[in-house]
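For reference, the structure discussed in these notes is given below.
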């Protein structure tokens, strides 16, 4: 039912696909031009806080659990014993929090280029930053591409690329040269996981080339998983995993069932379900 | 990248949840006040044709396959031998087409209240109406609630409620009195499946009460499945199945794998995956 009161809306247009998504805002609470991007925070009427970077939705309080749980738990429960984790990007610290819920993780380094994203998240999304003080957490502010170039071989169990879209500063995080450095840094059975955009909108432009580039970089196995993410274009999102020498279909299912921490989206059945791909994706991806 | 050319957008606001979804339109090609509702057709720039009823998105050419496949194939492959199918609503005929892809179906009756929806679909979504001339198809234009009241006991194997939201004409399709009539009409192992809105936005208001009402109406088993649906609020949608006397978890998996027709979303793995519920839903629904 339409209301007569004037209302404010933040709108992100996906020009390429002729769609747009809007959230009703109560207040525009913060704006800043950081050294890397324009950062805005809005208080919405129904979705908690909203952070945008260069006018694109990064996260809201209400639905970020979907993305953060699916960027972390499937990969962590697939690796036999992940101890050393590196997050590239992930400045809102939500992925870091999920990673550190796993008691076996000994060290999690977050390499975010823009410190302001993290500082503002501490202020507006404190629940996501709960684990920032964990002794296993290390926050490094710098270039993830450069960091990965110098990472020692066989020094990491899991790399999570929790970045913005492949335009602007994050472009170098999508492609074979970067994946080669990840491949080198990963130990035996090591896993790389990267957000890979919308199955409906970006299958040909992002997901298929990502598999190709990951395999060209040396990864023997690649798998995409999918999940809802209402505030991103099409409301349907994906993450793509790549692994050294071992498959990605099986996971530590008993551990996932007995996980000693709460989740809102993830569980063992859902993990399996997220790996079950739509027919059009099955037909267009390597075995 | 913003473009300078003036552009037109159709926007549906979900006032209750402070969100909105828009599609860029090239032309507003048709408008009519039918006896039941306001019907508009737009030509969009990237999503083919768009039909709206009372200003709410019903379907687009680009993404309706998700909804239509998931409203039909899971229930059809769960029933041991579905021969007699009734669709309540479904005026765009997309569900009818998917049902009639199953060679075992002998008769599919579609009971749509608004004939204009079907006539306009024949014009703007001809691909969805391909099966309208199938000798097994029967198009009846009338009130689904009244039809179900007079349906003989044990006369149907599968009832698909492919309706608009539970406001206005479709309100009576959500709730125990209607479900009781469905229960009576269904034969042994018969299945009812109904679209049940967004897991994120409508879990407490629609999905939980639907399970309760279905069980109160006599159904021993209920199960929700979920899938992406970009043009509906939150981009994440669900269907809820109810069954007489038999569980809903197992399905004819071998038949689903060997299905003699093409799909774009549905497959056997996906069927299983769609039944795997997020943790917050598992915790809030009956076994």
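Cβ coordinates are placed from backbone N, Cα and C, and glycine is handled just like the others.
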- In TrEMBL, spermidine binding by B:92, B:162, B:163, B:164, B:165 extends, among B:68, B:211, B:221, B:226, to B:68
- Query: Can you tell which of B:69, B:112, B:204 TrEMBL lists as binding S-methyl-5'-thioadenosine with B:37, B:143, B:144, B:169?
  - Reply: B:112
- Message: Need one number for the spermidine-binding residues B:68, B:92, B:162, B:163, B:164, B:165: the maximum pairwise CA distance in Å, whole number please.
- Response: 16
- Message: What's the number of neighbouring CB atoms sitting within 10 A of the CB on residue B:164 (spermidine binding site)?
- Response: 22
- Note on the structure: Comparing local Cβ density (other Cβ atoms within 10 Å) for the binding-site residues B:92, B:143, B:165 points to B:92
- Tell me, if you would, which residue among B:37, B:163 (binding-site residues) has the fewest other CB atoms within 10 Å in the structure shown? B:37
- Inter-residue Cα distance where the pair is residue B:143 (S-methyl-5'-thioadenosine binding site) and residue B:165 (spermidine binding site), in Å: 16
- Task: Grab the pLDDT values for the domain 'PABS' (B:7-244) and give me their mean, rounded.
- Result: 96
- How big is the Cα-to-Cα gap, in Å, between residue B:162 (spermidine binding site) and residue B:37 (S-methyl-5'-thioadenosine binding site)? 17
- Query: Can you give the largest Cα to Cα distance in Å, as a whole number, for the residues B:37, B:112, B:143, B:144, B:169 that bind S-methyl-5'-thioadenosine in the record?
  - Reply: 16
